[in-house]
Amino acid sequence: MLQTTKKIKKKIISNSLFKMFSTKEPMDGNTAAAYIGYMMSDVAFLYPITPATTMGELADKWSAEGKKNIFGIPLQVTEMQSEGGAAGALHGAVAAGALATTFTASQGLLLMIPNMYKIAGGLMPAVFHISSRLVGGQGLSIFCDHSDVMATRQTGFAMMSSGTVQEVMDLGFISHLATIQSSIPFLHFFDGFRTSHEVNSVDVLNPELMKKMVDYQAIEKHREKSLNPEHPHLRGTVQGTDVYFQFIEETARYYNKVPYIVQQYMDQFAEKTGRQYRLFDYLGHPEAERVVVVMGSGASPVEEIIEKFPNEKIGLIKVRLYRPFSVEHFLSALPKTVKRIAVLDRVKENGAPSQPLQSDVVSAVHGKNIEVIGGRFGIGGKEFTPAMVRSIYDNLNQLNPKNNFTVGITDDILNTSLSFGENIDAVPQGTKQCIFWGMGSDGTVGANKNAIKIIVENTPLYGQGYFAYSAHKSGGVTISHLRFGPKHIDSSYMITDSDYIACHLKSYLGKYDHLLNPAKPGSKFILNSPWNTIEELEKNLPNNVKRQIARKKLQFYNIDASKIADEVGLSGRINMIMQAVFFKLSNVLPEDKAIGLLKKAIEKEYMRKGEDIVQKNKDAVDTGIRNIIEIKYPETWKDADPENDLQTIPKKIIVQDPQFVRDVMRPILAMKGDNLPLTKLDFAGKIPSGTSKYEKRGFSDFVPKWDSSKCIQCNMCSVLCPHAAIRPFFISEEEKNKAPYPEVIDVLEDPKTKEYKFTIQISPFDCTGCTVCANACPENCLQMVPSETMKTKHGDNWDYMMKLPTRDSIYKTTTLKGSQFSQPLLEFSGACAGCGETPVIKLVTQLFGDQMIIANASGCSSVWGGTFPWNPYTSNSLGHGPAWGNSLFEDNAEYGLGIAKSVSQLRVKLMAYIKDFLAKDLFEKDPVLTSLLRKWIDVFDDRVESNNVSQEIQKYLESKKHLFETNSKKSIFSEFSNETENAMNYIYKNKDLLAKKSIWIQGGDGWAYDIGYGGVDHILASGEDVNLLVLDTEVYSNTGGQSSKSTPRAGVAKFTASGKTTAKKDLGMMAITYGNVYVASICLSANPTQAIKAITEAEKHKGVSLVIAYCPCIEHGIKNGLGIGPAHAKEAISKGYYLLYRYDPNLLALGKNPMVLDSSKPKPGFHEFLKSENRFESLKSTFPDDAKLKQDQLLNDITQRYQRYVAFKGQFDSLLKQKKQKKKN
Ligand SMILES: Cc1ncc(C[n+]2csc(CCOP(=O)(O)OP(=O)(O)O)c2C)c(N)n1
Ligand code: SF4
Ligand code: SF4
Ligand code: SF4
């Protein structure tokens, strides 16, 4: 007889009292943890980090709403400047007697480690809820493994692992109970994204039950031990060699009790809820010979395989309490019959003989005649499926099972990987599985979350939802995996055998040829496309799709949802239509009931947006279900030839691909990166320059078309385009005639050149359709037109134009117009359509890109700029372009300083050597080189000139290379001595240091104002010749818009759900106080001319420069969208919301005022402006009483700031006047 938790669960639930206390609700793992943390704590300290952030956001929201915890008051929530700060504050809070919690992951948890030692050492109760995520090494990733939690196992925290959403709630609660009673702090962890973001049916613990289980006496004792002048003591002492060791050993008695305390609470919990947990839960055959030991969500496919093969002598141990590791409990859980154990670790400790959990199990079974092997799975969020589990049990059956194996990848170097077979459908019987392919921001994910809610709340069925996203912030793919059925579903992997597949974007069919692979024979496939007839489908469907439809005998439906959405006035939002289609075709609920519930959900969801939007969505539902067309396809589709499908990918893409693109990027673009073997990935995560241009996403339905007749050739469209998809070119008549489609190239005369004509070219495959250019054009000469009409001709012309020489000397590159003839060395990033960050950096690359080294803080700019395998930073015809590196979020300023120090030292060394060579007259026979090197010494510190001379030297040495290259034998023709040749060779080898480098240290306001401020401040004080560029979106955009110290008062952001109560920090003024720092405050979207001026001045300044760039962002909730970003930003400046200025300390020495105010006095209408952004407007509906007061205070803040700057400028005027007067006297 199999023993499984599910069976135990059922037995106990039948006579459980808990039904009185609990409710079944759809929720994700983060919500479950946040709920428990909220209910069981007095205070929480927060800092955002994916995938843990939503826990803090929920706690903040509930607190703002006044929700009470089990102690009868709202949790007190405080956002800190970093996780290090959160842990420090938490330490103080528990020392002062509170019960405290925090939520974090990955790098954030690592920053807490020093305090974790202190909290554990001080025997203080606290629970850290961890949505575990890998710690970035060769690359940053937001997905799960246990490298973060494993890095803390020596801190003294107890560690509890949850593998499902229900467990997060239950074991999270038990962690709080146990910490109170044991005085040992707990780390409660669950798998990031997999469990944290999986929506499942959860029995929610009722506060009454929680209250009943808490040990109030232990809370009292904790209070008695706290820092308090009424019973004072001193803690955190300095200790010598005499006593430290003893103290460490003394705490063992507390740790020894923890397993018993936890088990006792688990037993009590089972009595009350019917859900029995054990420190080590065994499932499987009672006489199992092969057992797998695993922690976290990886247990679920193992459990499913055990149930699928009930006659095999196999079993599973799920580790719940990992620290303290109770050997006694482990051994008692293990069947006596076990011969071999495979321990699965979700982490890799390089160089270790075994992985952490494996080492523990080896110790635990010491002397027991059991063979233990170990393997790694699921690292970096890699899928772990029943088929992989099967291969692990099969490995255990081998004569010599593979130890230290990997599963889920192809290791073709060390051959560690286990191969696994076909998918095994192991979900609970009766489960229906549905996959939805949507596009980021089309509402598909939200609609599917809603669908689970409707199913779970209105049927006896259980539900599960998991959502996978691609890396792009705009136009990315989303894949929703929905399961529902009569039994609880914990399958922690993506659907491999589906009953229903919906494809919401027709272009996916050509791009992702595996889209229909999971479809079960006879299952349903629904497509959103304009092809309602068999003739149209015959013409447009890729053959691979036709073939799969016919061979699997799929029930195939089409709906033109995009057209319906347009007709009802919801252009682009097809979510409700596709959801209605799902309910109609899936039969999960009677159609009438489902539609009724859907409409109710619409009312709830959209009421805030007005009656009109509600009605449109209801119309979309009704029209949607009436317009589903079942397609009767011919048998012949079975034999459609997929070879012909290559035509669906633009042919130009395949032809000239470099090796990286062909071998690595293309498979990843086709979502087949999981199959890449190790040998294809042997460059530590580096990306060659300029790979983003190979993607050609072409996802926008509309792109701009240029009307040359009205164009005034200002290049504003090009400056402001966030994606570098519209550019001006100078083209000769001859070149024009050679273009693939000269007839669609319009040209204009340009006053500065007779040789060339001016034209504007658009890349329809790279344009995101953001409309920024069209809205910003002063003459209205760009009209958005259907992209299909532009793709072929303009797409090919674009490719042609990109090969024309860059003609950047006709105009000065430091002017608005001239800058745009310079090649942007940032193009086609993954940023949101209309992003305000990208045009700023793009412009910087147009000015200095070929000499730039960028240190980039983690944030949006590192995600849209540095996600493998896309590199939007490209190079010029010489192969020069920005070199870009990311260290962490918190250390970027220091990382940049390190780069600057390294480059300057290496150049100084080169200079010393060259001076030495010249002093020794090594080049006496070579007057050309001698003169070039002397010139170089003179311009060593001049960015432009050193670059020019560098190119001359390089060209010259290139021509002499055959005479001095070390690898070749000394040429008999060489006129030089050995020493001279060596010197030339040295210079040649170091030629990349001849040109001065322009160091840019860039990141968002979260970095510069908060977590990295210490480093920023240190660099401001360093005097080094570096440029700090702050992309100020006034929130932590990358993690979903949490408040930073740059957030203005009254602004609603996450973690300040009730509107920020303090004013925006004035980082610029703080930097100005150093006196020698160049400081500029710019807004490219509003005033590009001022921005170019500031960026140029900043680069020129020989010292530290700080440029703070205000960037419109989707997080601002601009009511008319980011497409109107530039006009909106102009409003922001004119109303004084943001201030433009430049402070140049060099001017003072020239007798000029260093402070230049580029903003004029704020115009009236400030409150009107606030109405145009949801971040301000929404406060009126959520906290109406506060809204007016805070907005008035904000007006006061910005008025005072303006006055402060005017006064500051005035001081210099007086000073200069006095100086002049003195001179006269
Ligand atoms: C130590 C640490 N904590 C948290 C994070 C998660 N994180 C990455 S980017 C980011 C926000 C970045 O915000 P900001 O600096 O304002 O840049 P933006 O995304 O707005 O461009 C956060 C919180 C992290 N990477 N490391
Ligand atoms: S619509 Fe947006 S992405 Fe397209 S060219 Fe214009 S500004 Fe660039
Ligand atoms: S913004 Fe308009 S007027 Fe200016 S160059 Fe572009 S298309 Fe011409
Ligand atoms: S800064 Fe804002 S608009 Fe730009 S990519 Fe990030 S979230 Fe999107």
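Cβ atoms here come from the backbone N, Cα and C positions, even for glycine.
Within its own chain, the domain '4Fe-4S ferredoxin-type' (702-731) has Cβ neighbours under 8 Å at 745-748, 750, 753, 756-764, 766-774, 776-787, 790, 801, 804, 807, 810, 816-817, 819-821, 824, 826-829, 831, 833-839, 842-843, 1084-1085, 1088, 1125-1126, counting only residues six or more beyond its boundaries. Look at TrEMBL and you will find 702-731 (among others) tagged as domain '4Fe-4S ferredoxin-type'.
Look at TrEMBL and you will find Cys711, Cys714, Cys717, Cys777 tagged as [4Fe-4S] cluster 1 binding site. Sequence-distant contacts (6 or more apart, same chain, Cβ under 8 Å) of Cys711 ([4Fe-4S] cluster 1 binding site) comprise Leu748, Ile760, Glu779, Cys781.
Note: Cys721 ([4Fe-4S] cluster 2 binding site) has non-local neighbours Arg727, Val772, Cys773, Pro839, i.e. same-chain residues 6+ apart with C-beta under 8 A of its own C-beta. Sequence annotations record features per position, and here TrEMBL assigns [4Fe-4S] cluster 2 binding site to Cys721, Cys767, Cys770, Cys773.
Residues 474-475, 650, 693, 696-714, 716-718, 720-731, 736, 745-750, 794-795, 797-798, 801, 827-828, 833-834, 1121-1127 of the same chain lie 6+ residues outside the domain '4Fe-4S ferredoxin-type' (758-787) yet bring a C-beta within less than 8 angstroms of a C-beta in it. As annotated by TrEMBL, domain '4Fe-4S ferredoxin-type' applies to 758-787 (among others).
The DSSP secondary structure for Cys860 ([4Fe-4S] cluster 3 binding site) is helix. A simple way to gauge crowding: the CB of Cys860 ([4Fe-4S] cluster 3 binding site) has 27 other CB atoms within 10 angstroms, across all the protein chains here. The [4Fe-4S] cluster 3 binding site annotation in TrEMBL covers Cys832, Cys835, Cys860, Cys1113.
A Cβ distance below 6 Å to any atom of ligand 3 is met, among the binding-site residues Cys711, Cys717, Cys770, Cys777, by Cys711, Cys717, Cys777. Highlighted here are the binding-site residues (Cys770, Cys832, Cys835) whose C-beta falls below 6 Å from ligand 4: Cys832, Cys835, in sequence order. On the backbone, the CA of Cys714 ([4Fe-4S] cluster 1 binding site) and the CA of Cys860 ([4Fe-4S] cluster 3 binding site) stand 30 Å apart.
Highlighted here are the binding-site residues (Cys711, Cys721, Cys773, Cys860) whose C-beta falls below 6 Å from ligand 1: Cys860, in sequence order. Of all the binding-site residues in the record (Cys717, Cys767, Cys770, Cys777), the one with the smallest CA separation from Cys832 ([4Fe-4S] cluster 3 binding site) is Cys770. Among the binding-site residues Cys717, Cys767, Cys770, Cys777, the residue whose Cα lies closest in space to that of Cys835 ([4Fe-4S] cluster 3 binding site) is Cys770. Comparing Cys1113 ([4Fe-4S] cluster 3 binding site) with Cys767 ([4Fe-4S] cluster 2 binding site), their Cα atoms are 18 Å apart once rounded. A Cβ distance below 6 Å to any atom of ligand 2 is met, among the binding-site residues Cys711, Cys721, Cys770, Cys835, Cys1113, by Cys721, Cys770.
For Cys770 ([4Fe-4S] cluster 2 binding site), the same-chain residues lying six or more positions away in sequence with a CB closer than 8 A to its CB are Pro722, His723, Ala833, Gly834, Leu1122, Gly1123. Residue pair Cys717 ([4Fe-4S] cluster 1 binding site) / Cys860 ([4Fe-4S] cluster 3 binding site) shows a Cα separation of 23 Å. Every protein chain shown contributes to the tally, and the Cβ of Cys777 ([4Fe-4S] cluster 1 binding site) ends up with 23 other Cβ atoms within 10 Å.
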